[in-house]
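A.B. asks: This is the structure, below, for whatever I ask next.
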Amino acid sequence: MASVAWAVLKVLLLLPTQTWSPVGAGNPPDCDSPLASALPRSSFSSSSELSSSHGPGFSRLNRRDGAGGWTPLVSNKYQWLQIDLGERMEVTAVATQGGYGSSDWVTSYLLMFSDGGRNWKQYRREESIWGFPGNTNADSVVHYRLQPPFEARFLRFLPLAWNPRGRIGMRIEVYGCAYKSEVVYFDGQSALLYTLDKKPLKPIRDVISLKFKAMQSNGILLHREGQHGNHITLELIKGKLVFFLNSGNAKLPSTIAPVTLTLGSLLDDQHWHSVLIELLDTQVNFTVDKHTHHFQAKGDSSNLDLNFEISFGGILSPGRSRAFTRKSFHGCLENLYYNGVDVTELAKKHKPQILMMGNVSFSCPQPQTVPVTFLSSRSYLALPGNSGEDKVSVTFQFRTWNRAGHLLFGELQRGSGSFVLFLKDGKLKLSLFQAGQSPRNVTAGAGLNDGQWHSVSFSAKWSHMNVVVDDDTAVQPLVAVLIDSGDTYYFGGCLGNSSGSGCKSPLGGFQGCLRLITIGDKAVDPILVQQGALGSFRDLQIDSCGITDRCLPSYCEHGGECSQSWDTFSCDCLGTGYTGETCHSSLYEQSCEAHKHRGNPSGLYYIDADGSGPLGPFLVYCNMTADSAWTVVRHGGPDAVTLRGAPSGHPLSAVSFAYAAGAGQLRAAVNLAERCEQRLALRCGTARRPDSRDGTPLSWWVGRTNETHTSWGGSLPDAQKCTCGLEGNCIDSQYYCNCDAGQNEWTSDTIVLSQKEHLPVTQIVMTDTGQPHSEADYTLGPLLCRGDKSFWNSASFNTETSYLHFPAFHGELTADVCFFFKTTVSSGVFMENLGITDFIRIELRAPTEVTFSFDVGNGPCEVTVQSPTPFNDNQWHHVRAERNVKGASLQVDQLPQKMQPAPADGHVRLQLNSQLFIGGTATRQRGFLGCIRSLQLNGVALDLEERATVTPGVEPGCAGHCSTYGHLCRNGGRCREKRRGVTCDCAFSAYDGPFCSNEISAYFATGSSMTYHFQEHYTLSENSSSLVSSLHRDVTLTREMITLSFRTTRTPSLLLYVSSFYEEYLSVILANNGSLQIRYKLDRHQNPDAFTFDFKNMADGQLHQVKINREEAVVMVEVNQSAKKQVILSSGTEFNAVKSLILGKVLEAAGADPDTRRAATSGFTGCLSAVRFGCAAPLKAALRPSGPSRVTVRGHVAPMARCAAGAASGSPARELAPRLAGGAGRSGPVDEGEPLVNADRRDSAVIGGVIAVEIFILLCITAIAIRIYQQRKLRKENESKVSKKEEC
C-alpha cells in the first residue's frame, strides 16, 4: 500500500495520544473473586430436581446444606444448572464439585452463557473443544481458568457424562469481577456523529476499540470520509466484518488500489464480538475477537484534506439528512473508545462533539427469537400439524454448512400422500407424493450451505404448491385434489422406522440451526418443546445456535481453500504445490541434489527450499553432474548491457535484475547450498576509472539484502579489487582491475561473485569520468548453487545411551518430521520430545515396524507402518511423519501411508517444553544404534554433524550410501562412495552422465569405420602365426554380453564385426531384406554358425536395440527389449585371441563368409549408440577419451546427442559436434588408419632392424614362458572345464 493510503488511515485515526489498553475499559487486572457463593438461592435454577433438598439452590461450592448439591430428577444430557449473576460480569474461571457424601458427580460438562437468559452461546476451549473436564469423586474441587474470559449475566452447566454408578450431582463456583459496560443501540435507521479535536497533533499510536452485537447480518459500524473520496469504513457484510481503506476518488485515475480486509464469520449471531484497530507508526493491526490481521502501511504521515468527523451506525448523506446512503447497522455497540475517549459517555451526556440522528438509545434489547440446533444426523423435532386443514403451510429459517440433509417431512390426512423438503447439492428441493400420481418436484435457491440464515416458505393447496427461498420463488401446478394437513411434521430428521410414521430421510438428517418456525398461522415456541409441553425431540440444543465456522481460522496452509460441513473441514490443495489434509506437505523436492538422488536427469524442476515451510516452490534448472547437482536460477535482466561515455558523475548504467523467485525463496535456496556463485563478464574499450585511486568507487553491485558492494570476485569486502587484482596479474599493475587501466584496446575481466550471504545480484551500477569514446559491456550470468548441505548432513549413534539434543520442537498445530535412517539393530528411538502431558515420538519398534506416537491431550495415539521386509538391512530408509488438526500420518519409503484421524472437537495444540532428543530419550533407554540423515522439522534442517562433533558416543557423518543409491548407476556403471554421497563410475559403461544413462551416439557416413583394438597393435609376418597364437592365448572368451542401438535405412549393413588372430569372428549384419543375422565362427576349421532373426525389417529408419548374451554354446538374442530368441552354437564355445571390434566398413574380413563380406564392404550408414562388447565401449573410447586411445577412425564419423532425436538416417544431425575424421580428439590431419595414440614414427632402417631383432628375441623368450605356463594350466583345465567369465 502506498503513502497516500497510509496517510488517509493515519489522519482518520488522529487524536491526542493517551496511555490506554482494552483492559482499562472497565476491568481491573485482578479478576478472580468468587461470584456465586454470595448469591441468593433464587439466583440458581435448573431443568429439574430430584427432590426439594436436591434443588439448584444447594449447588454452591463446598456447601453441605440440603442434600449437599444439585441432582436432577432424571440423569440425561438434557439437564442443566443455571446461575443468574444479577448483571453482566467478567467471568475468568469456574470450579465444580460432586454432591456431598454421595456417589453423584459429573465427569464432563458444557458451559454456556447469555446476557438475558436466552440465545445461549457455548464456551469453547482452544477454539474447538466442547467439554470441560469434571470430577472423579464427590468432594475434590476441579478448577478451570477460562482463556480467554467472557462477559455474561447468566451461566449454564450442562452435564455430558457422570459417574455410571451414581447420578448427576454438582456444586459449582464462578470467579470473576464486575464489568463496566457503556452501550448504545442503533435500530437500523439511526447514527451517531462524532466530531474530532481539530488540533494538528500526530500521535504515535492510534487505537479504536468497540464491541458489537448485531441483530442483522449487514450494516455500517463506522465511517470516516474526506472531500475527495478518501474514507475508511468498517462494515458487516453477511456476518463478516470488512475494513475498507480508500485513499482517493474512485472516479479519478489512481495507482493506489483500495485496501479491503475481511475478518470474522457468523458475527450476526446476536452475541458480543470485539473489534480493535491499532496503528503504531506504519504497522496496522486489525483484530476481531481473537483473530488478528497485520499489515504494513507504506509511506509517511502527511495529512490529507479530510473532515474531522466519524459516524457510527451508518453513513449519512451530504447535508446530514436522515437519509442513509448504505445499509445501516441494527444492533448494539459497547465500550466504544477512540484513542481512550469514551464516545458513548460523551453521547449520554449530550456533549457538543456528538450529534445523534434517529432513534439512538443507551440500552441493548435482548433477542426474542429462540434458535434450535440439530446436533447430529439423528436429531429430529416432531411438532403437531394443523390436522384437518385443506392446505399445508410451513415457514422457518435455517443455516447450515452441509450440502444435503432432511429439513421437513409431513404426511397428509387419510394416507393421501406425503411431502418432503430437503437440501441436495446446496439447493432446496420439495417432493410431493400423492396416491396414484407421479411425484411432483420443485427446486429453489442455490448455495444454501453457506452458513447464512435463509428463509423458507412452503405451501400446498388444491391446484398448486410453491416454495420461496429468500427471494427465489418456485411454483408447481397440481392436479386439482384435496390436500389435508397431517397430524405431525418432522423437522431435521425422522423418529425411526419403528415409529410407523412413514418418515424417511434418504439423504441423512439435517445438521444446523432452525428458528422462527410457523405451522399454518401459529408460531412455534421451542421453549415449550424444551419443557416437554409441545412435540418431541432428540439430540437438540434449544435456545442456542451452535454453528461454528471451522474455516476461521483456516488451518489450510499455502493458499489451500477451506470448505466445511457441520462436523469437519477439508482443504482443496489443487494448484498450491502442496498436499495432505491441510496442504502442508510440499509436492516438490527441496533441492536439485534431492532431485538427482531420485534419479532425475538435468532439466527444469520445481524446488521447495524450505520444504513444508511458508515459502512456496519455484522453477529452476537442475544441472546434474557426476560429482554434484547445480541449481541454476536465471534472471530476467538483459543478456548484455552496453555502456558508452557520459558526463562525469552521471551513471552510465544502473540495471536491475529480477528473478522468478522471491527474496525469501532465493535466500532459502542459497543458505541450503554448499556453494553459490554468479559470474560477471566485463569487456571494456578505452574505459577507465582514474578517480579510483582515491577510494571513490565508480562501480558497484547490490545484493539480495539491498546492500551496496564495491568488492568484485573473491576480494575482501570494500577492497574494490577484481580477481586479477588479488592474483596480481592485471594488465596494468597500478590498477586492481583490467578495465580500470583505460587501455586503447578491448580488455576483459571475468569476475566470480561467491559471497553467498549477498547473492544473487539484484542491481549493477557503472559510472565513468566522461571520456567521449569510452565503451564497455558486461553480462551477468545466472545464480549457480551447488549441492545441498542438509541432504547428506548425518550422524552415527554408536551407543544406546548416546543422543543429540536440540531446543524444543514448536509445532502446535502442524508438526512434520522427515529423515533417513539406516541400522542393523531391531529397535530404537529416533526422536522424542516431551511436554507436561503432551509428547511426540518416532521409533523403530521392531525390525519391520516404525511407529509414530504422540499425545496432544486426547490420550496417546499411535500410527504404525509395517513392512514385508526388515528395516534393519543397513540401507537408507526415508520416514515422514505428520500430525495436524485433522489427524496423523506416517509413511516409510514407498510403503502405503498410514493415517489416524483426530477425534472430533478434541485438543488440537501440541505443547512441548523439554529438549528435543535425537537418537535416544531423556531416560537414556531404548537408544538408537545406526545413522540418521537429513533430519527436518517443519522444513527446517537440524545440523546433526555440528552437534555430533561435541557429543560423546555420536560421530558426524555416515558411510555406506551405495547400498541404497547404487541402483541409480545404470548401464553397467558402478557406484563409488564419497564422504557426502555417491558418484557413478561410468568407466566400463557404454554411457556417460551422472547416472551412466546418457547414451553415446555417432553418425557413420558412407564408407566410414571405427576400429577398437583389444590388443596392442603389432605388425607380424605370416610365419609368426604360431607365436602370435601363444601370445594372445589369454584373451579367450567363453561368454560375452553385447549391446548396441542403431538406426538406418541401408541394406545390407554391418552393425558389428569382432575379429580374432585365429581367423575366428563374430558378425552382426542386416541382410538385404532388413532381417537381423548373427554369425559366430569360433573354429577356423569349421563353417560359421549363421542365424537369421526375422523379427521385422529393421532398416526402417527407426531406433532398434539389440542385446546378445552368449554363455558358451548358448546364445540369447533380444531385440527392442521384447522379442527374444535362443540358439545353440555348433562351431565351438571359445572365442580365442580376440583382436578388434569394427563398426562400419571393414576393409579386410579374412576368412569371413560371403554374406558377412558383402555387408562388410557396404559398411554402415546411419546412427549407432550405446555399443558395448563386454567391458569395451568403442564409441565412448572414441568420443569421450580418458586415456591412451585404442580406437582408429576412418572417414566421417560425427557425434550425435541421441540416435532417437537426431536427423533422419542417411544425413548427419545439424547439432553435431565437430566430426571425427581420421582420428579422435586430435588436431590437424591424421593419416587414415592411424591409431589414436601419440606414437612416434621411426623411419631409420638401422634402428628398425635393431628393434625387430630385439622384439623377436623377446617374443621367443615370452613364448617359451607362456608354453611352460600353459602346460601347468592345462592340467587344471582338464580337471575343471568351467570357463572363467571376463570381468571388467
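Placed from the backbone N, Cα and C atoms, the Cβ positions cover glycine too.
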A.B. asks: So which of Asn497, Asn706, Asn1278 shows up as N-linked glycosylation site in Swiss-Prot?
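C.D. replies: With Swiss-Prot as the source, N-linked glycosylation site is noted for Asn706.
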A.B. asks: Labelled N-linked glycosylation site in Swiss-Prot - which residue from Asn359, Asn623 would that be?
C.D. replies: Asn359
A.B. asks: If you check Swiss-Prot, which stretch out of 291-312, 709-730, 1083-1104, 1215-1236 is marked region 'Disordered'?
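C.D. replies: Comparing 291-312, 709-730, 1083-1104, 1215-1236 with Swiss-Prot, region 'Disordered' matches 1215-1236.
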A.B. asks: For a quick check of packing: other C-beta atoms within 10 Å of the C-beta of Cys1203 (disulfide bond), how many?
C.D. replies: 25
A.B. asks: May I ask which of the recorded positions Cys31, Cys332, Cys513, Asn706, Cys962 is closest to Cys571 (disulfide bond) if we compare their C-alpha atoms?
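C.D. replies: For Cys571 (disulfide bond), the closest Cα among Cys31, Cys332, Cys513, Asn706, Cys962 is found at Cys513.
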A.B. asks: Can you tell which of the disulfide-bonded residues Cys513, Cys545, Cys551, Cys984 lies nearest to Cys931 (disulfide bond) in space, using Cα positions?
C.D. replies: Cys984
A.B. asks: Indicate whether Cys1167 (disulfide bond) is helix, strand or coil by DSSP.
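C.D. replies: DSSP assigns Cys1167 (disulfide bond) to strand.
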A.B. asks: Are there residues of the same chain, six or more positions away from Cys996 (disulfide bond), whose CB falls under 8 angstroms from its CB, and which are they?
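C.D. replies: Expected: Cys969, Arg970, Asn971, Gly972, Gly973, Cys984, Cys986, Ser989.
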A.B. asks: Find the one among the disulfide-bonded residues Cys545, Cys551, Cys562, Cys975 whose C-alpha lies closest to that of Cys583 (disulfide bond).
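C.D. replies: Nearest candidate: Cys562.
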A.B. asks: Can you tell which of the disulfide-bonded residues (Cys177, Cys556, Cys573, Cys583, Cys958) has the fewest other C-beta atoms within 10 angstroms of its C-beta?
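C.D. replies: Comparing Cβ neighbour counts within 10 Å for the disulfide-bonded residues Cys177, Cys556, Cys573, Cys583, Cys958 gives Cys177.
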A.B. asks: According to DSSP, does Cys513 (disulfide bond) sit in a helix, a strand, or coil?
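C.D. replies: In three-state terms, Cys513 (disulfide bond) counts as strand.
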A.B. asks: What whole-number Å value do you get for the CA-CA distance of Cys1203 (disulfide bond) and Cys513 (disulfide bond)?
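C.D. replies: With the alpha carbons as reference points, the distance is 70 Å.
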A.B. asks: By CA distance, which of the disulfide-bonded residues (Cys513, Cys551, Cys556) lies nearest to Cys364 (disulfide bond)?
C.D. replies: Cys513
